[in-house]
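Following: one structure in structure tokens, then a few remarks.
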Amino acid sequence: MFCSEKKLREVERIVKANDREYNEKFQYADNRIHTSKYNILTFLPINLFEQFQRVANAYFLCLLILQLIPEISSLTWFTTIVPLVLVITMTAVKDATDDYFRHKSDNQVNNRQSEVLINSKLQNEKWMNVKVGDIIKLENNQFVAADLLLLSSSEPHGLCYVETAELDGETNLKVRHALSVTSELGADISRLAGFDGIVVCEVPNNKLDKFMGILSWKDSKHSLNNEKIILRGCILRNTSWCFGMVIFAGPDTKLMQNSGKTKFKRTSIDRLMNTLVLWIFGFLICLGIILAIGNSIWESQTGDQFRTFLFWNEGEKSSVFSGFLTFWSYIIILNTVVPISLYVSVEVIRLGHSYFINWDRKMYYSRKAIPAVARTTTLNEELGQIEYIFSDKTGTLTQNIMTFKRCSINGRIYGEVHDDLDQKTEITQEKEPVDFSVKSQADREFQFFDHHLMESIKMGDPKVHEFLRLLALCHTVMSEENSAGELIYQVQSPDEGALVTAARNFGFIFKSRTPETITIEELGTLVTYQLLAFLDFNNTRKRMSVIVRNPEGQIKLYSKGADTILFEKLHPSNEVLLSLTSDHLSEFAGEGLRTLAIAYRDLDDKYFKEWHKMLEDANAATEERDERIAGLYEEIERDLMLLGATAVEDKLQEGVIETVTSLSLANIKIWVLTGDKQETAINIGYACNMLTDDMNDVFVIAGNNAVEVREELRKAKQNLFGQNRNFSNGHVVCEKKQQLELDSIVEETITGDYALIINGHSLAHALESDVKNDLLELACMCKTVICCRVTPLQKAQVVELVKKYRNAVTLAIGDGANDVSMIKSAHIGVGISGQEGLQAVLASDYSFAQFRYLQRLLLVHGRWSYFRMCKFLCYFFYKNFAFTLVHFWFGFFCGFSAQTVYDQWFITLFNIVYTSLPVLAMGIFDQDVSDQNSVDCPQLYKPGQLNLLFNKRKFFICVLHGIYTSLVLFFIPYGAFYNVAGEDGQHIADYQSFAVTMATSLVIVVSVQIALDTSYWTFINHVFIWGSIAIYFSILFTMHSNGIFGIFPNQFPFVGNARHSLTQKCIWLVILLTTVASVMPVVAFRFLKVDLYPTLSDQIRRWQKAQKKARPPSSRRPRTRRSSSRRSGYAFAHQEGYGELITSGKNMRAKNPPPTSGLEKTHYNSTSWIENLCKKTTDTVSSFSQDKTVKL
């Protein structure tokens, strides 16, 4: 454990309290943190090294080096170094600024003060000076300086409360408690200074919810777990003081261990652009070779005789060597086909798009003051190409606000409402709820409409009392009183809050807890139970239990959990009650309610003592501790007596149905990945409109092994494609072209809508290598896919499967810690700021408060970003090919001498001054249709999914367009200058006038072209386009003026040329002719295309223009209700760890789903919906609505 290799050799950590000398021999990290990358001395070399690792920067650096060689450079060094230095400087300033703030943050944290026990005295020390093994005193509302073993606190039994918002985003308080042997130390400094315990524990890791260790002190060993540890980043709350021993410091703390780098994501356009840039480099080399060969031929055939003004010694250099030098010269001249400004412009545009998302008030959730946040600036255009959405349910599609609705106790349902004829009826506003106002500590917002439960409580039904007693005892809720004396519950899951609140209103009030006791008020009587054991929840157990001793001395085990798990633990005598309760659970799940089973067991005192002794031994074990504890839990949680079941409601979020429908019309497939049971998952599908009664079939895959799963998948495919048509070949399509062909086959083959439901157990087999192809083929042919009972790992595996084999852009959206792996795996990760903390938000690329904002994020911001980026790239490549290839044509008329056409300053400023701002304005602000029409017509989204706006074909069209423009730019002026004289009779066919004419023509042509490309004009577009032209002429006349020539005669030799040339009418005629010849074919083509073959976007633009002239009153969409048959389902899923229980069971009400945004459930047809939307009483709109074959 010594020297630099200690991390590799450390297998366990040994820490001795109050002994720095002992701990220093292990060379543990100190408490100083470093998140900064540079210092004053290392910034320049490290930053330059990082920047030149980028291929583009390294490429331009190589060009700069070539330009420093006089024999091959026709351009001076500043033509490359000016833009390169500009880019390098901008990036360096940005990196330096970011690192300055990191330094500032590091210093602020490292210089925080803590009271440290040194030499038997408490001394104020900076955090960075704290060492492993030190004992620290914390006071209320202080941040925790390092990962501490809690020794004692001001609260009884060594309890303390911490807020972990900086770790996991959760603002609710969590309880930690010290060992009883150390809690006795209290605040006695002398006893704390004499504490010399030795902790042997796990090595530093990033697991926030797990800790294993042993404290050896006074000849005895004590087991340590996560409840004894306070982590760095926590804040001490509601506790006057506490003392802790430093276990991990600085970079070894769990907070810093979790601050690893996020996986870098690149867009499909980035990957395509990298490929195209390589192609351009190849094209550039080919041009260089052609011109080099031309130079060699010219030198050998013409150069030797070309001696009128040039004199050199014969045989001084060979034609081949001349061609070699010319090759490199033209590589330098033609490098502007990929200017360095391209990469800077792309980042600026993406930054602008990110700000638009952050500033969008329509994605601002005013109830909680939560705006939409683009947490990355590199993925915006990818939002316009999404094909698959993978969504969590609870807290994402639903509100994750739980309400206790129904329960089954001893075979009887409570919570139903009956009429005078004892017939079950709907709950209406006229129905009076149970009056809880007489109970002073009741929750005023709680409502329950069945009065029979209160009657059973008053009559003293023992089963009802035991049921409510269990709800008040078996949980992880913390209680406190506010300033008004009201009882407040700190809950870690909304489910537990709903159950404990229900028990509270029915007279069984949870009051307080300590590590050894739980106090509740039972119908007015205060009762304290001794807490003997807490059997925590995890994803395998799917249940939690507490073992308590009541005042009469009886030992009880109370348990709640998933019915499938708990029913297996029941005593055989429960058979009749089990049947009744199962029926009730099916009924609850059919109504979309989240369910839990409730059971208990009476324990013999002798048996419990023997079991508890084994549990203590297992907790003290250093090997296989978890396995031994799990076995003991299984042993005691058996022969349970069933009490009943609970049913909690979780409503859909506002706007979910409309959003799902709209995204489906945009050809986006939504897969729900939930921890719910199968029936509940089906129910949420119906509630969200993803499943309908009109579907041809819903395939349910529930095989118990790989063979059964494979057979079910293949049988489903046979049903889908037909018995006599063997479509599948067992292979998954990977290329986009093949995928489009596959889609066309499916359209011909599948005549209806299908859905796939698969549970987690079957999914585990379906994800095996020999079955996953069948799963993926079937799933991708279905309109809806719902995976239920899935683990966080399976969620990520499903996303990776589609990413890898479908070549499709994926998006994952969720709100909880169990969604983090899925969010990180997808191309785009979206976090919902919900009830389950901020883990998902912190791991996401984009975040907002409501699922409905996903519609605007994709259909508006995503589509616009893709549209703008594609137009930007098309124009940028066109502009630079038109600009650069003029040199190629000129080479044939200048003896392939690598002479440039333009002035060197024009070459330097063309991309960074003359044409940079207009294209940026278009890339940031342009839009084809308004945001409202983007939402109302989801089919506008499809071009992005099919990569229609920028692909290899579009690139070649841009290249050909640029080549044509370069031909016009060169040959029209060349032909005009071939034999021409000015108005004064003087010959004007000089090189300088020719260069000025071509440069002016180029600036005007590309400005006119961007004006034609701009669909949405703003004040900024006008200023940038006309301003750029004005800047060009201002700089041109300045550089050609007598004044600048007098100061820099060598750099600006074209004195007076601009004034002389641009005062000639024939020059302006040439410029006009060049401009018209360049843009008229484009104007003609676009006019014919829009008139004869309009896209959907073209038609919507026509409609927008017509709407400005005649704006008819908007009509509301028809509202319909769907009645559905009862579908049963249960829900249960938790996050692992103490107190994070019952947080991902997922249900929804299937009958009469609640209104969302004024729309309960609307049946849309993709064609008729768009037609109805766009029929607006004008001829243009009428023709649009009648055109049912929309060309994308």
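Using N, Cα and C of the backbone, Cβ positions are placed for all residues, glycine too.
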* Regarding membrane topology, does Swiss-Prot annotate SER183 and PHE977 with the same topological domain? -> no
* Asked: Given 73-92, 233-252, which one carries Swiss-Prot's transmembrane segment label?
  -> 73-92
* Asked: Counting only pairs at least 6 apart in sequence, do the transmembrane segment (45-66) and the transmembrane segment (1061-1085) share 3+ Cβ pairs under 8 Å?
  -> no
* Asked: By DSSP, how many residues in the topological domain 'Exoplasmic loop' (893-904) are helix, how many strand, and how many coil?
  -> 1 helix, 0 strand, 11 coil
* Asked: Is the transmembrane segment (1020-1040) in contact with the transmembrane segment (955-976), using three or more Cβ pairs under 8 angstroms as the rule and ignoring pairs under 6 apart in sequence?
  -> no
* Structure fact -> Quick tally over 328-349, 905-924, 1020-1040, 1061-1085 of CB pairs under 8 Å to the transmembrane segment (991-1013) gives the top stretch as 1061-1085
* Structure fact -> Checking 328-349, 905-924, 1061-1085 against the transmembrane segment (1020-1040) for Cβ pairs under 8 Å, the most are found for 905-924
* Asked: Taking ASP392, PHE537 as the binding-site residues to compare, which has the smallest set of other Cβ atoms within 10 Å?
  -> PHE537
* pLDDT averaged over every residue in the topological domain 'Exoplasmic loop' (67-72) -> 78
* Asked: Among THR394, ASN818, all listed as binding-site residues, which has the most CB atoms within 10 Å of its CB?
  -> THR394
* Does DSSP put GLY675 (ATP binding site) in a helix, in a strand, or in coil? -> coil
* Asked: What same-chain residues lie close to the topological domain 'Exoplasmic loop' (893-904): Cβ under 8 Å, and 6 or more beyond its ends?
  -> 72, 74-76, 78-79, 291-292, 294-295, 298, 302-303, 306, 326, 329-330, 333, 886-887, 910, 970, 974, 994-996, 998-999, 1039, 1054
* Structure fact -> Around the Cβ of ARG594 (ATP binding site), other Cβ atoms found within 10 Å total 32
